[in-house]
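Annotated in TrEMBL:
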type: DOMAIN; residues: 55-82; note: domain 'C2H2-type'
type: DOMAIN; residues: 83-110; note: domain 'C2H2-type'
type: DOMAIN; residues: 111-138; note: domain 'C2H2-type'
type: DOMAIN; residues: 139-166; note: domain 'C2H2-type'
type: DOMAIN; residues: 167-194; note: domain 'C2H2-type'
type: DOMAIN; residues: 195-222; note: domain 'C2H2-type'
type: DOMAIN; residues: 223-250; note: domain 'C2H2-type'
type: DOMAIN; residues: 251-278; note: domain 'C2H2-type'
type: DOMAIN; residues: 279-304; note: domain 'C2H2-type'
C-alpha cells in the first residue's frame, strides 16, 4: 500500500510544499492539505509571508511587497548612499549598483554574447547588444514610425520632432539636442584635441576626424561610386563626386545666380564679387584670389 502524506498549501503565495523526506511525489497519494494558519511546523514560511504584506512609503505613498525594498526606496528621499567604492569613493544606494560599478575598475565582464563572444559588464548592456544580432527594435517613434533598439536612441531622435535642445554651451550659448554634440562643440572653445594619430602625431577634436585621417596612412577607401567605381576615404567626398554624374549643383551664388557642385567652389567664386585676395606673395606683396595663382607667381621669383 502506498504511503499517504499531507501536502502544505500556502494561501498567500498559492505554492505547494511537501515533507523533505518525499523524493518521488508520484509514488504517494495526497489525501488532505493544511494552510499556513493551520500548521505550526511552518512558522518560518509563515513569517516570510507576513513580510510580503504591502509596505507603504510615508514620503510618497508608494507600496512595496518587501520591507527590504521599502528600505532601499526610502534612501532616495533621505539622499542616503551607504555603499562606497573603495577605489574612487563613488557612493551608491544599493549593493548591486556598487557591484556593477566595481567592474569598471576590475575590468570584469561576466555577461558574454553567444553570437560574437563580446563581453559586457552588465546584463542590461548585453540585452541591448543582442538586438544587433536579432534585429529587434522595440522602441518606435510615434511621429514618424522609425524604430530603435535602445530607449536613449529614441529619446534623442524625438528631439528632431520637438526641436528640444537641452544641452547649452556656457561659453557662447549655442544649444544642442545631444550631450555628445555639446562636448564636441566645447572643444572649439578649449582647443582640446584628444584624438591623436599614432602614425604622424596629428591630433583631432573628434574621433570621426581621426578615423578619416588614418585612412591616408592605411590607404583605405570604403566609399565607392556605384556609377564609375571610384573610391573615396570620406562619404562627403563620394556625395560630391556623384554630382558629376547627376549634374546636380546645390550651391548657388546670391550675386549672379551661378551654381556649383561644391561649397568650396562657391566660396572661391564669391571672391570675384567681393574683390578679396587673401593669398599674398611674401616677396613682393602682390595678392591673389586663389592659392594656385599665388604658386604660379612665386615660381617667377624662383626663376622656375
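Note that Cβ sites are derived from N, Cα and C of the backbone, with glycine treated the same way.
Worth saying up front: this structure is predicted, and the values here are computed from it rather than measured.
DSSP places the residues of the domain 'C2H2-type' (195-222) in helix, strand and coil in these numbers: 12 helix, 4 strand, 12 coil. Non-local neighbours of the domain 'C2H2-type' (139-166) in the same chain are 128, 131-132, 175-178; each lies 6+ residues outside the stretch with a CB under 8 Å from one of its CB atoms. Long-range contacts of the domain 'C2H2-type' (223-250) within its own chain (CB-CB distance under 8 A, at least 6 residues past either end) are made by residues 212, 215-216, 259-262.
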